[in-house]
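What Swiss-Prot lists as compositional bias 'Basic and acidic residues' is 8-22. The transmembrane segment annotation in Swiss-Prot covers 47-72 and is backed by sequence analysis. Swiss-Prot lists Asn130, Asn136, Asn256 with the feature N-linked glycosylation site. What Swiss-Prot records for Thr203, Ser281, Ser282 is O-linked glycosylation site, and it gives experimental evidence as the kind of evidence. The disulfide bond feature in Swiss-Prot is assigned to Cys213-Cys232, Cys243-Cys250, Cys252-Cys271; the stated evidence is experimental evidence.
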Amino acid sequence: MHRRRSRSCREDQKPVMDDQRDLISNNEQLPMLGRRPGAPESKCSRGALYTGFSILVTLLLAGQATTAYFLYQQQGRLDKLTVTSQNLQLENLRMKLPKPPKPVSKMRMATPLLMQALPMGALPQGPMQNATKYGNMTEDHVMHLLQNADPLKVYPPLKGSFPENLRHLKNTMETIDWKVFESWMHHWLLFEMSRHSLEQKPTDAPPKVLTKCQEEVSHIPAVHPGSFRPKCDENGNYLPLQCYGSIGYCWCVFPNGTEVPNTRSRGHHNCSESLELEDPSSGLGVTKQDLGPVPM
């Protein structure tokens, strides 16, 4: 009986134990079931993050490459714009330069009104300059030429030193005109530097001009047997008494070498009296007594 009771008790307890096992197994499986869906979700979020970061980096690199290409393409256009701007500036400077006057026939055909007489009130008022007072210097000729081309052109009075005049011109001229003037001065300086060498060459003294007496003496040697050699004073004029040593004849002459008539003879003469009687301007033997008294 006791065995039967114990067996029945075991059979009654068996379903209870099975239920407990099922509960334990279910409790163990519930956390695992809660964990299984979380693992793939975390993996998907990491993959999406990596993908988004790589796409962002790719877009940044592509943007930088596009910007560099755009700047490279625009560089050529900027160079063309710079060249065009420089050409326009040069053309503007060229238009500012003074132009030569047109022929009268062309001016009549193009603008006939310019040939009509203008009233005096319409002319610009300014300091009038006397265009007839010109010297023989280079600037005088240039001034005369410019006045003929444009009689109404007014030139500032430049009476200071050279640096002061340049400063005055820089302060009074317009910017474009001063730039043109600076360019001209630059080319003029290059021309002067190329024309003159840096080494100062010693300048030779100009040859001394010989008088008639000195020239005759230079052609005759000091020892001159049988030839006439005139005598000159310190100024190069002929001495009043000239002698031919080989034949012994002497005569009187004027300072220019003209012989006084009727003075040739042997021996020495007093040429001062002969020169007073003769007219030194002619040298042809005409005496002052023959000319008569000089009218007062």
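Positions of Cβ are set from backbone N, Cα and C atoms, glycine also.
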### Query
What is the Cβ neighbour count of Cys232 (disulfide bond) at a 10 Å cut-off, with all protein chains included?
18
## Note on the structure
Cα of Cys250 (disulfide bond) to Cα of Asn256 (N-linked glycosylation site), in Å and rounded, measures 17
### Query
By the DSSP assignment reduced to helix, strand and coil, which category contains Asn256 (N-linked glycosylation site)?
coil
### Task
State the Cα to Cα distance, in Å, between Cys271 (disulfide bond) and Cys243 (disulfide bond), rounded to an integer.
12
### Message
Measuring Cα to Cα, how many Å separate Cys232 (disulfide bond) from Asn256 (N-linked glycosylation site)?
### Response
10
#### Entry: Nonlocal neighbours by CB distance (under 8 Å) for Cys213 (disulfide bond), same chain, sequence gap 6 or more
Pro230, Lys231, Cys232, Gly236, Asn237, Tyr238, Gly257
